[in-house]
Amino acid sequence: MAEQHAAQSRPAQPGPAQPHIPRPGPYAGRPVGSDREALAVAIQEARDGRAGGGVPIGAALVVDGEVLASGHNQRVQLASPILHGETDCLANAGRLPASVYARATMVTTLSPCDMCTGAILLYGIPRVIIGENRTFYGAEDLLRLRGVEVVVLDDAECVALMEEFIAAEPDLWNEDIGEE
């Protein structure tokens, strides 16, 4: 009887895995002539994320002076513990050969956390542009130690986005960075 009950309460086995469909976003293909222009794309992604009820962190993957993909933190919107701005951006880019990552720059509004730093290192992205690191200092030292060029722009809008968010949603922010 217990075996029968256990079998009835098990969830149905999932069907075949569905492939992730990359969605490079509305900024894909946009030429960017400077780090600040690339950061403007990440900032717009951060604004979009906040407007959707989430954490205002955005990112863009730039290759050869053009936005390849962009994304924003979607932990709240998609109930995902791993969709930070940088990882959402990488997912939106889809599968890429190592030769593309080797020419890429990850542009992010906030200093990358350990998880996002790990993704940057895993794919061999050689350059990271950071909008600000005042409100959160991520694993920049590890990036530098591993030979990644790290440029911090100390952008006032990035700082304001995070300061306003942290003041309004301290519990959500602490959840995002794994703190109490």
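Placed from the backbone N, Cα and C atoms, the Cβ positions cover glycine too.
If you look up TrEMBL, you'll see 1-11 marked as compositional bias 'Polar residues'. The compositional bias 'Pro residues' feature in TrEMBL is assigned to 13-25. The domain 'CMP/dCMP-type deaminase' annotation in TrEMBL covers 33-150. Feature annotation from TrEMBL assigns region 'Disordered' to 1-32.
Model confidence over the domain 'CMP/dCMP-type deaminase' (33-150) stands at 97, taken as the mean pLDDT rounded to a whole number. Sorting each residue of the domain 'CMP/dCMP-type deaminase' (33-150) by its DSSP state yields 45 helix, 28 strand, 45 coil.
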